[in-house]
Each structure stands twice: as structure tokens, then as C-alpha cells.
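> Have a look at this one before I ask anything.
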Amino acid sequence: MGVLKFKHIFFGSAVELSGVFQIVFIFLLIPCCLTANFRAPPVIPNVPFLWAWNAPTEFCLGKSGEPLDMSLFSLFGSPRKNKTGQGITIFYVDRLGYYPYIDPHTGAIVHGRIPQLGPLQQHLTKLRQEILYYMPKDNVGLAVIDWEEWLPTWLRNWKPKDIYRIKSIELVKSQHPQYNHSYATEKAKRDFEKAGKDFMEETLKLGRLLRPNHLWGYYLFPDCYNHHYDKPNLYKGSCFDIEKKRNDDLSWLWKESTALFPSVYLTSRARSATALSKLYVVRNRVHEAIRVSKIPDDKSPLPNFVYTRLVFTDQIFQFLSHHDLVYTIGEIVALGASGIVVWGSQSLARSMKSCLHLDNYMKTILNPYLINVTLAAKMCNQVLCQEQGVCTRKNWNPNDYLHLNPGNFAIQLGSNGTYKVDGKPTLTDLEQFSKNFQCSCYTNLNCKERTDMNNVRTVNVCAVENVCIDTNVGPQAVTYAPKEKKDVAHILSNTTSINSSTTMSLPFPRKHVSGCLLVLCMYSQYLNICYRLVAIGIQHGYYLK
């Protein structure tokens with residue numbers, strides 16, 4: 001970390017701050033200098049966090065012969081090719097225009113093989129027809145383009161995608177045999193990236209033109225390629241600077257997108273990895289997506305809908321545990337994403353037995369947890385933001401979650417298949433929200449964060465109809481004894497004990513720090529507080545090394 005110099009005109013000398021003292025000093029004195037941390041407004045009114053279901057389970061029946069309980073989900077869409085007019089439409093390579101690629105299994109050339117040889121104008125003509133077919137009405141929904149065969153950034157096409165680099169270089173050499181390999185490679189890179197950009201950019205433009213009420217974006221964008229579960233002692237899941245730079249270079253893509261669809265799928269390596277390893281990977285990937293969402297306009301960020309699965313990608317019959325849900329869904333909610341898309345393959349509904357397993361998992365594990373985080377997030381939004389923004393971690397790296405206090409709440413599944421929430425929040429619960437979370441205002445709203453929780457008298461939030469917390473705020477904690485040990489609250493009681501060893505990052509650009517300090521200490525009526533804090537730092541030897 002570089003030197004932070006603060007020269008106070010009244011002190012007549014320069015003081016250098018560092019380490020813990022610098023962080024404490026900044027957090028105490030410069031909240032007014034921070035740029036407002038905005039989030040995209042809800043896609044659906046009164047649904048601050050969107051749950052979406054993107055799995056082919058429409059024919060599944062549960063134990064009682066009834067369809068799966070999807071009451072917590074606001075948008076639905078089956079990936080099956082014959083499904084149209086859905087809340088979520090996912091476009092694979094075989095159902096959206098003439099996407100050029102090489103079949104990874106057979107090596108067959110499809111629509112020109114590489115983007116430079118792809119029929120762009122024919123693609124757009126076909127694209128128009130298929131958009132109108134799959135989206136007969138322009139209702140509010142998600143339009144997700146899943147093109148994974150090649151990436152628009154040349155250097156990200158590593159094995160086995162390096163075939164696109166190889167074929168691009170071969171094309172240039174066939175057209176210009178006089179070029180040496182180095183020059184041919186450089187030209188191939190330029191040609192490939194331009195053609196890839198044209199295909200992806202023009203596809204988004206036409207989609208937005210024809211169906212403007214849908215939110216358009218590409219699955220897996222952005223990504224930061226932090227997949228190293230097997231090195232928890234060496235690797236903290238951070239996104240490498242080079243990958244952040246490459247994401248920055250895709251500004252044209254973020255400009256044309258109206259939503260981002262990153263992914264936090266876990267493999268079985270994550271199952272055997274430490275809790276922190278899984279947590280780091282998900283946390284950093286979502287944090288990078290939120291950073292990218294602000295590239296087009298930091299005051300009007302793009303919504304982030306994070307794709308997740310209920311199973312491990314390479315063990316499709318093994319559901320995620322309670323703790324895995326905390327490390328995925330819990331992280332996503334606490335970081336302030338716009339929603340989650342649960343994707344699933346046909347294996348979820350391949351037989352009556354698999355449908356029954358899914359039904360049981362949803363009733364006993366998934367849905368109670370979704371209710372828990374939904375109610376906690378809505379409660380925080382209501383008391384902290386007056387519902388004009390969403391609660392996000394004050395610093396993105398600590399292990400603070402939007403969970404109901406397990407000592408005060410219990411979520412019960414009744415014999416009739418409906419859920420009931422027992423308990424009430426206390427002043428201490430609300431103060432914990434205020435301590436660990438901040439209010440990120442919705443775009444174009446100048447919301448004010450409540451700081452005194454003593455003024456909150458009641459809380460009225462619902463996860464779904466008749467699954468609500470509608471009560472007054474209790475003055476002190478009263479331990480609630482759940483009737484059933486399957487209550488989700490007690491399972492969460494240990495999740496906040498995880499200690500993160502990652503370095504805390506300042507939630508604002510360092511270049512603005514010294515200017516903010518100068519302005520505050522010039523105009524603050526508490527100048528001697530500034531002086532005393534600086535003096536304390538000097539006394540205790542907090543100098544930069």
C-alpha cells in the first residue's frame with residue numbers, strides 16, 4: 001500500500017498514516033466523502049431480491065402428488081427447446097441465429113467455424129425470427145444467451161478453446177502467406193476479437209430492440225476464473241488483476257447488456273474443500289460481477305442475477321448441504337446482487353424417484369433457507385433503507401450474513417405443507433443489521449440510512465403470502481425454543497463463526513482519501529478530534545513501512 005499523506009493547513013506539517021490506524025481514521029471521519037453505493041432497482045415491484053427457477057421440472061410431482069412448491073420463485077423457465085413465452089428464456093447455440101462454432105465433441109464446423117467466417121447478416125435475420133418465436137409477448141423477464149464455445153477475449157480461449165486461435169491464425173496465413181507467424185498471430189487476434197464483438201454486440205442490440213422489457217445478457221459474463229478450490233492455504237479466491245483488466249476491456253459488452261448473469265456453480269472439489277475455500281471463490285466472483293455492473297454507469301448499475309445449482313456439477317445426484325447454501329446463496333444476498341437463478345438439468349426430473357428427492361430437499365432444506373434470507377434481507381431493507389435500497393455488507397469481505405437470529409425465530413413446516421414463522425426481532429437484532437450492513441440506494445433514489453434503531457416500532461415483511469414477520473420489535477432477546485429440530489435457524493447458528501483471514505479492502509478509491517481528509521478536517525467542527533487521532537497514531541507507531 002502506498003503512502004497516504006495528509007497535510008493539514010492548520011497543523012503546518014505532514015502526517016503519514018498507515019495500517020490499522022489509517023483504516024480506523026478513515027472509517028470514523030469520512031463517511032460523507034464516499035460516493036453513494038447504488039444498486040439496480042427491483043425488476044418486479046416489491047421484490048427486492050428475485051428468485052428465479054430455470055430447470056425442467058414442470059412435470060415433477062411431489063410426495064402428495066402435487067406439483068413442486070414454487071411459491072417463493074417469481075420467474076420460471078424450462079430450458080427445454082419446445083418451451084416458449086417463459087419468464088426466463090435461455091438461448092443455447094442451437095436456438096438463436098447462426099452462431100459460428102466448432103462442435104467440441106465431433107469437431108464439426110457449424111455456421112463458419114470461427115466468428116470471422118460467420119454469416120452475421122443471416123444470423124440477424126434468423127435471430128429476429130427466433131426471438132419472436134420464443135418470446136411471443138414482451139413481458140418482464142430474463143433473456144439469457146448461453147454461448148460458451150468461444151470467448152470474445154483472445155487470450156481467454158485456452159485449451160480446449162485454443163482451437164479458435166489456431167484456426168484464426170491459419171485463416172490469416174492462408175490469406176497472407178507472406179506474413180510471419182508473429183504478425184499473422186497479431187492480425188488473427190484483431191480479426192477474431194472484432195468479429196466476436198460484432199456477433200455478440202449485434203445480437204444484444206436486436207434482442208433489446210425487439211423485446212425491451214426483457215433483461216438481456218450472456219451467461220457466465222462476467223467471470224474471473226478463480227476456480228482453485230484445492231489450494232485454500234495459498235489461494236483466497238481473489239480475482240486476478242489481469243482478469244479484472246480483461247473484464248474492463250469488455251466495456252462494449254456491459255454497455256449493451258441490460259443484466260449480468262455470472263455463475264457460482266460448485267464442483268465436487270468444492271465439496272471436499274474447506275468452508276473458507278468455497279466461500280472465497282463465490283464471494284470474489286460475485287463481488288467482481290457487482291464491480292463490473294458499475295462500469296457503464298456507477299450511479300445506474302446493471303442488475304446481477306447469479307446462476308447457481310442445487311447439486312455439484314460433476315455429482316448431479318448430490319444436493320448442496322445447508323452450509324453450502326450459506327456459502328452460495330447467503331453470500332450472494334449479503335453482497336447485494338439482484339437475484340438468483342437456480343438452474344438444473346434433466347437429471348433433477350429424470351424419474352419419479354428423483355422428483356421425490358427434489359421435493360423433499362426443497363421442503364426441508366432449500367425453501368426454509370430461502371424464507372430465512374428473504375425475511376432477513378427484507379427486514380434489513382425496511383428498517384435500514386426504508387425500502388428505498390438494499391442492505392449490503394459495509395465491507396464486502398467479512399462473514400456477515402442476512403439471517404434471522406436463530407435464538408429468536410423458528411421456521412416450521414406444517415402438516416398441510418405450508419410454512420410458519422414464529423418469533424419476533426429484538427432491538428439487538430436490528431442493531432446487528434446496522435452494525436454490519438449499509439444501505440445501497442436504488443438507482444435515482446437519494447435514500448437515507450436509518451442509524452437509530454430505537455425508532456423502529458414494528459416490522460412487516462413477507463417471504464411469500466402468509467409467510468411473514470408482522471410484529472412489534474422486542475426490547476430484548478428472548479430465546480425461542482423451536483418445536484422441531486429441523487428448524488433452519490439452529491443450523492445457521494454456527495455459520496457466522498467462520499473467521500476470514502483475507503485482507504480487508506477499503507470500499508472506495510484510495511485516490512480520494514487524502515482529499516476527503518483535508519476537506520473534513522478543514523470544515524469539521526471537531527478539528528481537535530482529528531488532531532488527537534493523528535497524535536494517537538503517531539504515539540503508537542503506526543507508520544508506513
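Heads up, the Cβ atoms here are built off N, Cα and C, so glycines get one too.
What you see is a predicted model, and the numbers here were worked out from it, not measured in a lab.
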> Going by Swiss-Prot, point out which residue in N180, N499 is annotated as N-linked glycosylation site.
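N180, according to Swiss-Prot.
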> Please report the number of other Cβ atoms within 10 Å of the Cβ of E148 (active site, proton donor).
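Counting Cβ neighbours of E148 (active site, proton donor) within 10 Å gives 13.
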> Spatial neighbours of C439 (disulfide bond) among the disulfide-bonded residues C60, C355, C380, C391, C468, defined as Cα within 10 A: which are they?
C380, C391
> How many neighbouring Cβ atoms, not counting its own, are there within 10 Å of the Cβ of N372 (N-linked glycosylation site)?
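Excluding its own Cβ, the number within 10 Å is 28.
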> Going by C-alpha positions, which of the recorded positions (E148, C239, N372, C385, C441) is nearest C60 (disulfide bond)?
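Nearest listed residue in space: N372.
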> Just give me the nearest neighbour of C380 (disulfide bond) among the recorded positions E148, C224, C355, Cα to Cα.
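Result for C380 (disulfide bond): the nearest of the recorded positions is C224.
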> Quick one: Cα separation, C224 (disulfide bond) versus C441 (disulfide bond), in Å?
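Answer for this pair: 26 Å between alpha carbons.
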